[in-house]
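Student: Attaching a single structure in structure tokens format; questions to follow.
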Amino acid sequence: MLNESLPKIWYGGDYNPEQWDEQTWDEDIRMFKLAGIDIATLNVFSWALNQPDETTYNFEWLDDKIERLYQHGIYTCLATSTAAHPAWMARKYPDVLRVDFEGRKRKFGARHNSCPNSPTYRKYSSRIASKLAERYKDHPAVLVWHVSNEYGGYCYCEQCEAAFREWLQQRYGTLEAVNKAWNTSFWGHTFYDWTEIVSPSALSEERPGNVSFFQGISLDYRRFMSQSLLDCYKLEYDAIREQDSKTPITTNLMGTFLDLDYFEWAKHLDVVSWDNYPRIDTPVSRTAMTHDLMRGLKSGQPFMLMEQTPSQQNWQAYNSLKRPGVMRLWSYQSVARGADTVMFFQLRRSVGATEKYHGAVIEHVGHEHTRVFRETAALGKELEQLSDQLLDARTNARVGIVFDWENRWAINLSSGPTIALDYVGEVHKYYDAFYQQNIQVDMIGVEEDLTKYDIVIAPVLYMVKEGYARRLEEFVSNGGTFITTFFSGVVNENDLVTLGGYPGELRQLLGIWAEEIDALHPDEKNKIVIKDDVGSLSGEYSCNILFDLIHSEGAEVIAEYGDDFYQGMPVITKNKFGKGSAWYVASSPDADFLQDLVTTVCNEKGITGLIQADHGVETAAREKNGKSFLFILNHNTNASTFDLEDKYMRDLLSGQKLTGKVTIEAKDVMILTEEKLGDL
Amino acid sequence: MLNESLPKIWYGGDYNPEQWDEQTWDEDIRMFKLAGIDIATLNVFSWALNQPDETTYNFEWLDDKIERLYQHGIYTCLATSTAAHPAWMARKYPDVLRVDFEGRKRKFGARHNSCPNSPTYRKYSSRIASKLAERYKDHPAVLVWHVSNEYGGYCYCEQCEAAFREWLQQRYGTLEAVNKAWNTSFWGHTFYDWTEIVSPSALSEERPGNVSFFQGISLDYRRFMSQSLLDCYKLEYDAIREQDSKTPITTNLMGTFLDLDYFEWAKHLDVVSWDNYPRIDTPVSRTAMTHDLMRGLKSGQPFMLMEQTPSQQNWQAYNSLKRPGVMRLWSYQSVARGADTVMFFQLRRSVGATEKYHGAVIEHVGHEHTRVFRETAALGKELEQLSDQLLDARTNARVGIVFDWENRWAINLSSGPTIALDYVGEVHKYYDAFYQQNIQVDMIGVEEDLTKYDIVIAPVLYMVKEGYARRLEEFVSNGGTFITTFFSGVVNENDLVTLGGYPGELRQLLGIWAEEIDALHPDEKNKIVIKDDVGSLSGEYSCNILFDLIHSEGAEVIAEYGDDFYQGMPVITKNKFGKGSAWYVASSPDADFLQDLVTTVCNEKGITGLIQADHGVETAAREKNGKSFLFILNHNTNASTFDLEDKYMRDLLSGQKLTGKVTIEAKDVMILTEEKLGDL
Amino acid sequence: MLNESLPKIWYGGDYNPEQWDEQTWDEDIRMFKLAGIDIATLNVFSWALNQPDETTYNFEWLDDKIERLYQHGIYTCLATSTAAHPAWMARKYPDVLRVDFEGRKRKFGARHNSCPNSPTYRKYSSRIASKLAERYKDHPAVLVWHVSNEYGGYCYCEQCEAAFREWLQQRYGTLEAVNKAWNTSFWGHTFYDWTEIVSPSALSEERPGNVSFFQGISLDYRRFMSQSLLDCYKLEYDAIREQDSKTPITTNLMGTFLDLDYFEWAKHLDVVSWDNYPRIDTPVSRTAMTHDLMRGLKSGQPFMLMEQTPSQQNWQAYNSLKRPGVMRLWSYQSVARGADTVMFFQLRRSVGATEKYHGAVIEHVGHEHTRVFRETAALGKELEQLSDQLLDARTNARVGIVFDWENRWAINLSSGPTIALDYVGEVHKYYDAFYQQNIQVDMIGVEEDLTKYDIVIAPVLYMVKEGYARRLEEFVSNGGTFITTFFSGVVNENDLVTLGGYPGELRQLLGIWAEEIDALHPDEKNKIVIKDDVGSLSGEYSCNILFDLIHSEGAEVIAEYGDDFYQGMPVITKNKFGKGSAWYVASSPDADFLQDLVTTVCNEKGITGLIQADHGVETAAREKNGKSFLFILNHNTNASTFDLEDKYMRDLLSGQKLTGKVTIEAKDVMILTEEKLGDL
């Protein structure tokens with residue numbers, strides 16, 4: 001449990017009292033209480049207020065706010081205020097300003113704007129974290145530390161360049177090793193001195209849109225930048241921990257955000273927290289996948305939903321309102337998938353600047369008589385009633401889908417074979433196939449223990465890290481089912497090709513050789529023709545994007561291409577390996593194929609969906625102390641009926657006891673637990 | 001009247017004899033006379049010629065050209081030549097070069113390229129204006145001064161940054177006031193010293209496409225830049241006025257050009273002049289609106305049509321020729337809407353550089369036997385015959401449509417709720433509804449006296465400036481009809497939200513409260529369902545883009561939304577306020593709705609169209625000394641018939657006397673005046 | 001013949017042994033032999049290896065590779081390694097780094113990255129060429145020198161700016177002449193001192209996308225940059241020639257590459273070589289045209305196909321595989337059109353960096369059991385059998401199509417009349433009309449001798465260089481047929497309009513005057529209506545993009561416009577001039593029109609296609625010692641039949657003897673020579 005002081009699903013969000021006056025503060029507290037809010041994230045962007053010049057620190061205002069809220073039963077998620085440096089610092093110490101990808105030294109403005117290798121930034125950001133921790137470590141209101149905010153963006157300044165060289169020296173030891181790792185004999189890029197290495201930007205090896213001429217340096221720069229920002233986080237973490245040994249520390253992540261390797265970051269977070277901002281047209285299964293990924297960062301440990309909007313965003317193209325019931329529905333979707341908090345950006349809308357049209361619990365009108373407030377308050381009441389029942393409950397999945405940031409970077413950077421390959425989209429296609437069948441999935445990193453799974457899927461496992469092929473072989477040997485796809489097993493961690501035939505280190509496990517890789521415009525399709533029906537796989541399907549031209553080297557050919565000059569070559573293979581089997585999907589298939597593939601492999605393993613329900617009805621289960629909580633989330637605009645058959649369940653939200661056919665209203669949610677017969 | 005020396009509609013345009021030789025000059029004059037040209041704009045881009053180095057001035061060539069033309073009866077519109085600095089100046093004094101939005105110091109090239117806060121530019125531009133005025137103030141040929149040319153573009157250099165800080169000090173007095181106006185407590189942007197403020201560019205608070213993270217500073221920078229350029233103009237104005245107390249001074253504007261607040265500029269122009277460059281597919285009502293806007297800049301005072309092409313442009317994507325008759329038709333459209341001159345860019349096509357494929361009266365072929373020349377000469381003859389009849393005639397409109405540059409900037413800069421909102425397009429939708437019914441409209445600024453109007457429309461009056469709500473209340477109290485739309489009344493002049501519920505200061509006047517604002521992709525529509533027929537409003541219409549979710553607080557609900565979760569909420573309301581009424585249109589409606597709305601409110605006020613005519617037949621009226629001139633402009637490719645009923649009219653162009661059904665040929669024009677019965 | 005040491009079509013390609021180890025070198029040689037490879041291009045990107053610091057040179061590795069290959073019968077195409085400078089050089093001498101179009105000083109990275117006016121680059125690039133020539137001039141393996149690689153890109157640094165001023169002084173003598181040539185009196189850009197001239201970049205006169213405000217300077221900068229890069233080439237050429245008086249020297253060109261005037265370059269190449277990279281959807285006639293253009297650079301002299309991929313590229317959007325047979329088919333297409341070599345990029349795929357997904361003879365799998373290798377080896381065998389039969393054979397065309405880089409630059413830079421005009425595409429439309437009828441065409445420069453042709457076509461001859469009009473007149477006077485189009489004859493070499501009426505210097509020859517030029521959106525079409533049938537021209541066709549409004553001044557009007565206000569004006573004219581005739585096509589016509597036009601003018605001249613064949617079957621002929629080699633290339637996916645009638649031919653590839661109806665398989669090739677009857 002996050003913190004025993006508040007043993008329930010925390011409910012609240014970002015709050016910026018420094019933008020307001022005394023009268024508003026009182027009104028805010030009155031309304032927070034009305035809404036059932038019990039936690040406020042304070043101090044996110046107050047560095048300039050906290051430290052008006054180099055030597056002065058001023059926290060009285062914060063003392064007052066924390067105390068004022070606490071006296072009304074509202075706890076604090078305490079931010080360190082370092083996500084935007086003060087203007088005076090930018091002027092006095094320009095080293096805090098980034099140089100951007102185009103090589104331009106930036107001026108003061110925006111946020112998330114500090115060079116991560118700036119000595120000034122590192123010194124003052126850790127110092128203020130230390131001062132805050134010293135001051136508030138014993139305050140009973142402070143439940144969790146929120147370091148900085150939404151880390152991201154890269155810098156290309158000279159101090160980053162120097163730090164990059166040091167990072168390389170640590171990683172590779174010698175310049176010879178760097179030259180080898182990056183294959184610099186290509187295009188005569190051999191380095192004879194460390195100082196010859198410059199950062200890969202639009203001025204050197206890269207072009208906008210993840211285009212690079214040297215994938216090795218570009219990949220390493222991404223690692224280095226992710227690490228540099230993480231170092232900033234860790235400096236603050238350590239500064240806090242030096243003062244405060246217990247309070248959990250986090251920073252808010254952003255789902256499938258590109259820049260940072262969150263699996264690496266999560267090792268240094270006591271609890272994962274993240275900000276969930278789907279668009280009106282974001283597939284709900286995409287949001288579900290992202291929640292599962294955030295849960296997977298720390299191997300299933302529940303996370304904080306740190307931010308979501310109660311109503312609408314401001315930075316989307318068309319900032320549609322969340323329709324009635326949707327805020328509640330999506331809040332429970334978070335909880336269903338591992339969130340132990342439901343928090344908003346923001347509690348009160350600001351009066352000016354860029355986020356003033358971002359929704360808030362308290363709107364510009366300032367009173368509680370709004371649809372948004374009513375929905376917020378109603379949810380607050382429900383969460384209060386749920387109490388601590390769900391806290392720390394876990395998800396039991398027998399299927400793991402691999403997600404890897406470094407692999408993603410390498411795929412993005414690859415020059416050829418196609419620009420149409422979208423790693424996250426490809427992963428989501430597989431995820432969605434399970435989601436549609438209500439089968440629980442864990443999103444896992446490449447360091448995750450595989451023994452807990454019956455099925456492991458690694459879409460486009462282009463980069464195979466050291467030892468991973470062997471671990472997959474063990475997994476399959478021991479009876480696991482493994483599925484991977486086209487353009488897998490191609491390179492090592494430095495994006496150097498594993499010679500001797502694709503899919504490289506995975507070749508034995510898969511029992512195939514991919515001789516060539518064809519790429520066509522995404523509108524051009526080929527056919528997957530099943531040879532003999534296997535499980536649900538039958539007839540023809542379509543595929544596109546990339547087409548591996550493979551030869552079986554022992555694998556069973558499940559399906560062949562139906563068109564083009566490689567008609568008759570295998571497109572789907574299944575290789576027995578030890579007690580298990582390894583599938584290869586040599587092209588990007590349509591959704592129908594994936595449905596049937598999922599059914600087939602799950603049937604083999606005896607894995608079934610949580611429940612049978614209509615399309616658009618999402619399910620998920622969390623378990624705790626032997627008790628299972630089954631979430632039913634109706635994303636449809638119509639009511640939907642599902643069948644509990646002879647099970648007897650109780651809905652924690654309505655209190656209703658249910659069996660047989662059950663109807664759930666449009667946008668409604670149920671959290672069902674099994675009842676003993678006698679209880680009914 | 002502009003200048004009594006030439007009491008007719010001036011006819012001529014830009015002329016660059018410095019690009020040609022003696023023989024050509026003679027030929028030019030011969031052809032100008034053939035074409036009925038009586039004014040030439042000289043010296044627009046001759047700074048390098050006039051001032052070949054820092055200390056030398058050379059105007060003999062100009063003496064000769066002015067004199068030469070004058071001896072043949074051709075007057076001069078005399079430019080000051082400061083729209084492009086000389087190359088030597090850029091090399092010797094790089095402070096004249098701008099720094100662009102991307103932070104790049106520019107090099108010599110192009111035009112409209114001078115930093116408006118460059119001491120060098122200000123010194124030498126006003127000096128040359130002074131020298132010109134001293135030299136030509138008494139020359140009878142000079143009818144009007146043309147300062148610089150098409151001012152525009154912003155600069156982001158350090159001298160502009162310093163000047164911006166001074167401007168802010170003058171505007172706000174204290175840094176505290178700046179912090180408050182820009183709400184810098186958001187994202188911790190608080191300034192503790194003036195020097196911490198930097199210009200809002202792509203390197204700081206902005207991104208390309210009018211994206212800003214701090215609307216306050218971005219809005220002020222636009223004001224400051226508009227003012228800085230205006231200061232340059234004013235320096236030249238004053239330098240001229242010091243020498244020449246009488247000759248009118250102008251600079252040529254560009255219609256709905258984004259960068260400059262032309263209402264502010266117009267205060268310092270003796271006469272408005274502007275350059276009209278519609279594309280082949282520009283709606284004629286859009287051009288009409290822009291003329292009306294230019295006329296509105298000085299509250300109805302006639303303006304100069306300073307530039308138009310006789311045939312085609314060069315800088316459009318596809319530079320289509322003006323079809324036969326169209327140059328004449330569009331020239332009269334200008335006159336119909338307030339122009340007292342018809343002038344071209346350009347009298348002779350240049351032989352090289354970027355505008356050589358821009359149409360001209362004298363084409364590269366060099367003789368008069370061209371379609372374009374024939375049409376030009378024919379028009380010249382007509383204008384001569386029209387003499388001074390129309391000069392200084394005014395438009396009497398009972399409808400005013402509000403247009404405000406600062407509001408437009410604020411809407412453009414807004415982060416949310418939608419990128420689909422186009423202020424000028426939205427204003428034009430309302431304008432077009434009147435245009436289609438041949439109802440005269442004034443385009444007015446927010447300082448305009450409202451008492452002259454029966455109906456005032458302010459589409460998307462997002463920013464309500466100090467005192468304007470009160471003035472609108474007075475207008476309605478006294479019986480006026482006011483119409484405004486969704487996303488109005490939201491912010492004050494600093495883009496700070498008026499708290500307490502949208503539409504803020506307009507809430508009482510409108511009798512409504514807008515609880516939420518939904519944004520959808522423009523392809524997604526809702527329905528406007530009229531409750532009980534009101535005037536012509538009946539049945540259903542469609543709307544899109546933004547959808548205010550409003551509650552009546554006294555206003556009559558004229559129509560409700562037909563779809564989505566706000567079905568049944570008001571979308572059109574009408575509030576009685578004093579003797580008048582205030583309408584609210586809560587979404588962006590289709591053209592049919594606006595037609596019916598216009599009919600309805602005009603009927604209530606007894607306002608009718610000038611005449612009943614087919615679609616594509618434009619009408620406008622100017623009045624002078626109790627006499628009305630009714631323009632009939634047939635934009636169609638077919639002849640069209642309209643009915644004068646029992647009125648007896650004379651067409652000034654053909655001399656024909658008309659009554660009853662009248663046919664106007666395709667692309668033809670009539671200027672009708674009522675005749676006494678005895679005259680027929 | 002290129003070099004008598006290897007009297008056959010050379011077969012091989014780029015090889016980078018410096019990226020590999022000893023074991024791989026042995027394996028490579030084994031496989032090269034298997035594939036019939038007899039030439040390897042070495043040392044393309046080895047500068048950093050050859051010269052690890054300023055004073056050290058290291059060629060032992062290269063000695064070994066050349067020797068090792070030579071001992072196995074494989075010759076060397078020896079590159080000078082100067083297409084990418086070493087990292088140490090960039091750090092020590094930043095003058096080698098370019099400043100880009102946006103004004104940004106670049107850092108080390110990518111390739112083709114050296115400032116062409118860098119003293120350091122010029123010094124060290126010619127020095128290494130000299131050292132290489134000294135070392136290898138007598139090595140029997142070295143068949144040809146390959147200077148640098150794919151020259152291209154422009155630089156905008158200060159040393160280029162200074163060199164540009166010198167270049168201008170040489171070209172124009174005086175600043176007055178420059179001012180006149182660029183028409184700087186426009187916009188007051190007059191220069192009074194050479195130092196005032198800056199390079200035309202995004203910071204001065206240009207904008208991205210070939211947009212310029214002063215075409216004169218922009219055109220000259222392109223000439224200057226093409227010349228600057230050529231000077232770099234020439235420095236290396238001279239350095240080699242000083243040591244090695246005989247071995248031919250080349251650099252690999254890139255077809256219709258925009259940046260460089262290849263006709264100017266070709267004067268300094270002993271043999272033209274080029275890199276051919278069509279996409280899967282590139283029209284085969286476009287590739288054919290480009291081959292013909294490369295052949296035309298040196299007036300028909302055979303060229304080297306220096307690079308093509310055996311399978312796929314990496315830098316296209318979708319890198320499709322060459323379908324089975326296509327590599328062979330396209331190789332013979334090259335040979336058919338003048339290639340005396342068939343060479344690949346690359347012989348072995350690199351293990352890392354940006355080209356690792358570019359196809360190669362030896363794929364990552366490393367062995368010969370691949371489709372690509374088998375096809376390569378099969379072709380190797382065929383080429384061996386062909387021996388020297390085709391070497392140095394020539395193409396006899398009676399039709400010349402003019403292609404001119406300076407004209408193309410000027411059209412690209414033109415502001416107006418349309419952005420839709422694509423010079424190369426327009427030329428290709430005419431080329432394709434001949435191609436479809438199997439009529440041989442030469443692509444010729446404006447310095448080419450015209451007397452060898454019956455028909456000369458110059459599509460969009462916008463720029464008419466000094467003396468060219470007179471030469472065209474002579475050509476027609478003497479009986480030639482000349483065809484040109486809309487927007488021709490407009491400017492001189494400085495992009496200054498030829499006054500007095502379009503088409504300027506061509507007006508007499510064409511017997512027309514173009515009064516106006518209309519531009520419409522490309523979707524808007526007009527009609528070409530044939531008046532009285534002429535040859536195959538009959539009925540109606542369509543046209544678009546630009547529409548010259550012309551008057552006949554003696555020319556016969558073949559067709560008139562069918563629509564718009566210029567309906568009835570001439571659109572196709574034919575002017576008798578001396579013994580010949582000159583056609584004018586006043587708009588951009590559809591393909592049907594061009595087919596009929598080609599038929600008509602060829603019939604008049606008795607020019608017929610090589611053979612009658614189905615669409616998709618390409619033909620070309622080369623001749624040598626009175627013997628003709630007729631290539632039949634079936635690009636279709638089906639077999640096709642053509643009729644040899646009573647001719648008796650032998651297919652050099654299959655050895656088959658053929659007469660009457662002959663069937664060629666899909667993707668197959670035949671090289672037919674006429675047999676004496678007795679031979680059959």
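Just so it is clear, glycine is given a Cβ too, placed from its N, Cα and C backbone atoms.
Values in this document were obtained by computation on a predicted structure and should not be read as measured data.
Copying in the features that TrEMBL gives for the protein in this structure:
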ACT_SITE  A:GLU150  active site, proton donor
ACT_SITE  A:GLU307  active site, nucleophile
BINDING   A:ARG111, A:ASN149, A:TRP315  substrate binding site
BINDING   A:CYS115, A:CYS155, A:CYS157, A:CYS160  Zn(2+) binding site
DOMAIN    A:14-386  domain 'Glycoside hydrolase family 42 N-terminal'
DOMAIN    A:397-607  domain 'Beta-galactosidase trimerisation'
DOMAIN    A:616-673  domain 'Beta-galactosidase C-terminal'
Student: Near A:CYS115 (Zn(2+) binding site), which residues of its chain come within a Cβ-Cβ distance under 8 Å, counting only those 6 or more away in sequence?
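Tutor: Sequence-distant Cβ neighbours: A:ASP95, A:VAL96, A:LEU97, A:ARG98, A:VAL99, A:TYR121, A:CYS155, A:CYS157, A:GLN159, A:CYS160.
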Student: Drop a 10 Å sphere on every Cβ of the recorded positions A:ASN149, A:CYS155, A:GLU307 and tell me which sphere holds the fewest other Cβ atoms.
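Tutor: Each of the recorded positions A:ASN149, A:CYS155, A:GLU307 was scored; lowest Cβ tally within 10 Å is A:GLU307.
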Student: Near A:CYS160 (Zn(2+) binding site), how many other Cβ atoms are within 10 Å of its Cβ?
Tutor: 23
Student: Can you check what DSSP calls A:CYS157 (Zn(2+) binding site), collapsed to helix, strand or coil?
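Tutor: A:CYS157 (Zn(2+) binding site) sits in coil per DSSP, no helix or strand.
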Student: May I ask which residues of the same chain, at least 6 positions away in sequence, place their Cβ under 8 angstroms from the Cβ of A:ARG111 (substrate binding site)?
Tutor: A:PHE45, A:ALA83, A:ALA84, A:ASN149
Student: Using a 10 Å radius around each Cβ and counting other Cβ atoms from all shown chains, which of the recorded positions A:GLU150, A:CYS157 yields the largest count?
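Tutor: Going through A:GLU150, A:CYS157 one by one, the largest Cβ count within 10 Å is at A:CYS157.
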Student: Across the whole of the domain 'Beta-galactosidase trimerisation' (A:397-607), what does the mean pLDDT come to? Round it, please.
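Tutor: A mean pLDDT of 98 is what the model gives the domain 'Beta-galactosidase trimerisation' (A:397-607).
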Student: Apart from A:CYS115, A:CYS155, A:CYS157, A:CYS160, which residues in this chain have a Cβ no more than 8 Å from the mean position of the Cβ atoms of those residues at the Zn(2+) site?
Tutor: A:ARG98, A:VAL99, A:PRO116, A:ASN117, A:SER118, A:TYR156, A:GLU158, A:GLN159, A:GLU161
Student: Assuming the binding residues for substrate are exactly those in the record, A:ARG111, A:ASN149, A:TRP315, what is the maximum CA-CA distance in angstrom, rounded?
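Tutor: It comes out at 17 Å between the most distant Cα atoms.
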Student: Near A:TRP315 (substrate binding site), how many other Cβ atoms are within 10 Å of its Cβ?
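Tutor: Looking across every protein chain shown, the total is 13.
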Student: Using DSSP and collapsing to three states, where does A:GLU307 (active site, nucleophile) fall: helix, strand or coil?
Tutor: strand
Student: Fill in the CA-CA distance, A:GLU150 (active site, proton donor) to A:GLU307 (active site, nucleophile), as an integer in Å.
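Tutor: With distance taken Cα to Cα, A:GLU307 (active site, nucleophile) is 11 Å from A:GLU150 (active site, proton donor).
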Student: Going by Cβ pairs closer than 8 Å, show me which of the recorded positions A:ARG111, A:GLU150, A:CYS155, A:CYS157, A:CYS160, A:GLU307 neighbour chain B.
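Tutor: Near chain B - Cβ to Cβ under 8 Å - we find A:ARG111.
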Student: What are the helix, strand and coil residue counts for the domain 'Beta-galactosidase C-terminal' (A:616-673) according to DSSP?
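Tutor: Tallying H, G and I as helix, E and B as strand, the rest coil: 0 helix, 34 strand, 24 coil.
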Student: Taking the Cα atoms as reference points, how far is A:TRP315 (substrate binding site) from the residue listed as 'active site, nucleophile' in Å?
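Tutor: Roughly 15 Å, rounded to the nearest whole number.
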Student: Could you tell me which three-state DSSP class A:ASN149 (substrate binding site) falls into?
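Tutor: DSSP assigns A:ASN149 (substrate binding site) to coil.
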Student: Helix, strand or coil for A:TRP315 (substrate binding site)? Use DSSP.
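Tutor: Going by the DSSP assignment, A:TRP315 (substrate binding site) belongs to neither helix nor strand, so it counts as coil.
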